[in-house]
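> Can you read through this structure? Questions will come right after.
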Amino acid sequence: MDRSRGFPSLFCGGFNPHHPSWWGRADPSDTADQLVALVENEGFVLDNVPHTPTYFQRGTQSALGLVWSRDTSTINWRTIDTVGSDHKCIASTLNAVRGQLLTPSIPTFSRLFCSWPKANWRYFSTEARKAVRPLGEASRDV
């Protein structure tokens, strides 16, 4: 996190510690408390919709996929389960950087985070091509 100081940043990943901040059914652990202290001390804010599951396995669910942002604001945080994994992808749109709203003339950026080994890559590639087709010539490398 030291390298990103002073820059708008996202801190994302699959985190096993459970904490009431993102999963209300969780009893806080020392590890989860340390994680929360670390990211909050660095100025990050949790973007997840609280208590929204991002992981499903054998009839259980929890929030393992977490997204924190610093000096940015996001809108439309949501989970997407189209990659055929027990981890849902997380999509969110950057809305502002350092308080400056991104205007419609500047594309907003979506971010997806997935369990790569369990993803259905053929399906993902097909859907990605459909999604970027409206972007024109720059999308041909996808």
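Cβ atoms are placed via backbone N, Cα and C, with glycine included.
Where the annotation comes from TrEMBL, it is an automatic prediction and has not been curated.
Pulled these from TrEMBL:
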DOMAIN    8-90  domain 'Endonuclease/exonuclease/phosphatase'
> Can you give me the average pLDDT across the domain 'Endonuclease/exonuclease/phosphatase' (8-90), rounded to a whole number?
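It averages 85.
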> How many helix, strand and coil residues does the domain 'Endonuclease/exonuclease/phosphatase' (8-90) contain under DSSP?
12 helix, 32 strand, 39 coil
